[in-house]
Amino acid sequence: MPPKKPEPKKEAAKPAAAPAPAASAAPEPLKDSAFDPKSVKIDFSADQIEEFKEAFSLFDRTPTGEMKITYGQCGDVLRALGQNPTNAEVLRVLGKPKPEEMSSKTLDFEMFLPILQHISRNKEQGTYEDFVEGLRVFDKESNGTVMGAELRHVLATLGEKMSEAEVEQLLSGQEDANGCINYEAFVKHIMSG
């Protein structure tokens, strides 16, 4: 009988607790699931906006220079402006378009600016410990190193894939004579520059 008494208390507590998390959790899914460009306050200076507009215009492929880019170009423009969003972040702020819409749907500069502001404010950067922990998975001998060839393969084929040139630039000068990379020193190097 003692186990039965806590169960009704838990059930009684759950309905009381459920409304509180539901109320506090409601805004979070809206934030993650739908990006509302109208809710973004633009904090850029006039000079910055002019610079962004100039970069945006370089990606405009419309025949009459309508200042529009395809959804597929949005991530490229953001990266050209110094941001580093993941493809998933770009898709989320675009409203999760279908693959075929990436080349057919367009957005103008006025629609792009709130996206840029949102991405620039919400940079999710990992910590030193996060990166070291992630690389430790590949440390088969538990000696603080990973094989350069394996890291090259992972960077070029998994997640946000990097080009071979990007991988080579990133790993340049990091391998020892055995082709191993001290990943703690590597992470410090990456995070310092």
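Cβ from N, Cα, C; glycine included.
Among the features that Swiss-Prot reports, compositional bias 'Basic and acidic residues' is placed at 1-13. The region 'Disordered' feature in Swiss-Prot is assigned to 1-37. Residues annotated as N,N-dimethylproline in Swiss-Prot, with similarity to another entry given as evidence: PRO2. Marked as compositional bias 'Low complexity' by Swiss-Prot: 14-28. Taken from Swiss-Prot, the feature domain 'EF-hand 1' applies to 47-84. Annotation comment: Swiss-Prot describes 126-161 as domain 'EF-hand 2', evidence class sequence analysis.
Same-chain residues lying 6 or more positions outside the domain 'EF-hand 2' (126-161) and placing a CB less than 8 Å from one of its CB atoms are 86-87, 167, 170-171, 174-176, 179-184, 186-188, 190-191. When pLDDT values are averaged over the domain 'EF-hand 1' (47-84), the model yields 92.
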